[in-house]
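Here is the structure we will look at, set down as structure tokens.
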């Protein structure tokens, strides 16, 4: 590292060398996060097709393979899909606003990727270890809706516009419940830093994870996450049986694929945040020999995969919500639950030390 | 000029450009989107001032929620520009007065020498363990708690008023009641009848 820094200082002078060095270093880290993430997105689409297929007693993609290896059948499918998407023509409708039409997919994927900057993969492995990490995540995830709204408007199509209106109202409503659920997490951790939130869950076993004291918040957060990513059963923004395909009905080729990528990147993000805030992040479930020898990032990846499975399971199982019921769930059920839980949690945190020892509350409310 | 200065001028340039766009562009959707850009660049400037909580809250609240609803409304409305221009000369004196006040304020900042602004000490940069969020929370809930609660109550009143103004029960129209629908049990809708099969004769 020092050698590279000196190299940059020689190239750009002592004043700017350090700046350029930091920029180059961060750019390298960003690539180190985004490239595996996009690969994970590609294979998440494959996993989705396979898992839903097996749940519905089908086989799923089983043809495309690498170099004709028979036991890899199907594994080449995401790559083949990507190549196909790149080759296809991007059709821009005549009445569309060309600039905004092409800007919309970028606005969707940019926040989905930007949020990863503060995600800690292990105690040391984090791109930006900022104090207000949780707020940053909330801000970034709330931006994704712009792509959807602009896409719907710029397409100059009624179906697309209806889809984007639905999505806007839905995301804004569920963001509140999501935010309140996260308020509980930060009350427990007494910090907005995601690394500190995981460290607050450290202990002998999984009993210390916030999953147990904040179980209703875990449910609220995860369901709101599903709604926020516009996934089934909350995918009314697409609603292919009512409004064709919603906001991306006029998109084709790579422009459509970017929307698709953003949706899956957001799913992985929500799964990661759930693992970090409720399932102890990189912590092993039991802090004893065989478990704590496995590196933390492996545990984190396993938890993410576990949460992602739920997304796919939901899609295979539940019928789509009716729109007024979505709104009812968000405003009349989730928000009151979170408000009550915040109050309850505040009382529990302020209990005198002696009464905390009566119950095993000391495990969580130190 | 170091990197921080460069960032400041970059954000300020974008901010001025987008703020000008908000008031000059004819397309209201473009104007709203440029306002979003303006919020973003001012959040960037606040980050340079070590006010990360305010910066991120600006993005979270204004960009993430308020502007979404704004865009929502702007896209739904069919705005007639002629109608908007109608009251221009009627309101011009008031607008001119406001801009005069703004111009005076700005000149006071720019001509700081006359007002001994230079005597103000330069704010000291804080260490990495300084948390703007914690500091702000401590101040709001201790020193400024009454003002803060008052603001909260005013917001609550406004919210209740907004709901009360727009809520109307229509009797001429049928609408489903979701709570009733969700509470439906199988027995309410479905009657299982046991019909013995007839023997084949």
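Cβ atoms here come from the backbone N, Cα and C positions, even for glycine.
What TrEMBL records for A:27-46 (among others) is transmembrane segment.
Taken from TrEMBL, the feature transmembrane segment applies to A:99-121 (among others).
Packing against the transmembrane segment (A:133-155) from elsewhere in the chain are residues 93, 96-97, 100-101, 103-112, 114-115, 117-118, 161-165, 167-168, 171-172, 175, 178-179, 182, 185-186, 192-195, 197, 228, 230, 237, 246-251, 259, 262, 266, 269-270, 273: each is 6 or more residues past its ends and has a CB under 8 Å from a CB in it. Summarising the annotation, TrEMBL assigns transmembrane segment to A:133-155 (among others).
Among the features that TrEMBL reports, transmembrane segment is placed at A:167-189 (among others).
The transmembrane segment annotation in TrEMBL covers A:209-227 (among others). Within the chain carrying the transmembrane segment (A:209-227), a Cβ under 8 angstroms from the stretch's Cβ atoms is held by residues 170-171, 174-175, 177-178, 180-182, 184-185, 188-189, 200-201, 233-234, 270, 273-274, 277-280, 283, 307, 310-311, 314, 326, 329-330, 334, 337-338, 341, 345, 364-365, all 6 or more beyond its ends.
Sequence-distant contacts of the transmembrane segment (A:264-284), counting only residues of its own chain at least 6 positions beyond either end whose CB sits under 8 Å from a CB of the stretch, comprise 37-38, 40-41, 44-45, 109, 112-113, 115-116, 119-123, 137, 141, 144, 182, 185, 194, 197-198, 201-202, 206, 208-211, 214, 217-218, 221-222, 225-226, 228-229, 231, 291-292, 294, 296-297, 299-300, 303-308, 311. Residues annotated as transmembrane segment in TrEMBL: A:264-284 (among others).
The transmembrane segment annotation in TrEMBL covers A:296-317 (among others).
The feature transmembrane segment is assigned by TrEMBL to A:329-351 (among others). Sequence-distant contacts of the transmembrane segment (A:329-351) (same chain, six or more residues past either end, CB-CB distance under 8 Å): 170, 173-174, 176-177, 180-181, 183-184, 187-188, 213-214, 216-217, 220, 223-224, 227, 321, 361, 365.
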Task: May I ask whether the transmembrane segment (A:167-189) has at least three C-beta pairs under 8 Å with the transmembrane segment (A:99-121), counting pairs 6 or more apart in sequence?
output: no
- prompt: Do any residues of this chain, six or more beyond the ends of the transmembrane segment (A:296-317), have a C-beta under 8 angstroms from a C-beta of it, and if so which?
  reply: 44, 47-48, 51-52, 55-56, 121-123, 125, 222, 226, 229, 231-233, 267-268, 270-272, 274-276, 279-285
Message: Under 8 Å between C-beta atoms and at least six residues away from its ends: which parts of the chain pack against the transmembrane segment (A:27-46)?
response: 61, 74-75, 77-79, 81-82, 113, 116-117, 127, 260-261, 264-265, 267-268, 308
